[in-house]
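Among the features that TrEMBL reports, domain 'Yip1' is placed at 7-240. Per TrEMBL, the feature transmembrane segment maps to 21-46, 109-131, 143-166, 191-212, 224-241.
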Amino acid sequence: MAPRTPLLRPDRYFADHEPTFDRGLVVAALVVVGTLVMVAGLGAVFTAKIDGTVMVDNPDRPSEQFCDGRMNETFSETNTTFGCDEPAQIERNIDVIIDKAMGQFYGPILVGVPIFLFAVAGLLHLGTALAGGQGSFGNTLTVAAWGFAPTLVTLPLAIATLWVTMDPVTITTGMEPATFQSMLLGRINEWVPIALALNAAGSLWGAVIWVFGLERGRNVSRGGAAVVAGIVALLLFVVGLA
């Protein structure tokens, strides 16, 4: 019986399954949703491991330029302050700041990941075309999407190891940003090599899937598919290190 996914036996999977475009859309959607979940998981680790409060600008108070200007003096004569009597800065729990910062990634991920998948599929399609490949771009897109499916395994492992290896961080009001950055980097030093190793493993895993997928979907030799998949995977790995 053929496997349902190419994650463990891509050779057997693609021997019995044509990489059709409709299946590729489903896999691509899973990759996008999985990436969103992983970003949320990363934020959950940071909010659990980082504690303390920071000073932020008071959203209920106008700017210093307004409050110190003549216009405010004019309104003050009528006992209208527009909130200028409020403190310029207020304390906020760092968890709120982290959640807001991580939330800014969701929109770009929803747009950027599909574009990235199409770009990678374009590279694979062009590379196999130079090797005499045949077959639709939809086939290539499906193969490209399957190549990113291993991240649904490696990213949770990376987040889990971050949870285990990262020591708690406590920040205090008035702490300089550079001090906090240095402290945070020191806490994740042990995790960085593990994350890089998992990234490399995921890239290699995805490249193997690409080899057998391109062999079937683009009708190229296994050697030609391996060259194309290896070059693209290496390129993505190097870019990921930048």
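Glycine residues also receive a Cβ, built from the backbone N, Cα and C atoms like all the rest.
Of the ranges 21-46, 143-166, 191-212, 224-241, the one with the most Cβ pairs under 8 Å to the transmembrane segment (109-131) is 224-241. Highest Cβ pair count under 8 Å relative to the transmembrane segment (224-241), across stretches 21-46, 143-166, 191-212: 191-212. Within the same chain, residues 98-99, 101-103, 105-106, 109-110, 113-114, 117, 136, 138-139, 141-146, 148-149, 151-152, 155-156, 159, 162-163, 166 sit at least 6 positions outside the transmembrane segment (21-46) and bring their C-beta atoms closer than 8 Å to a C-beta of that stretch. Looking just at the domain 'Yip1' (7-240), the mean pLDDT is 88.
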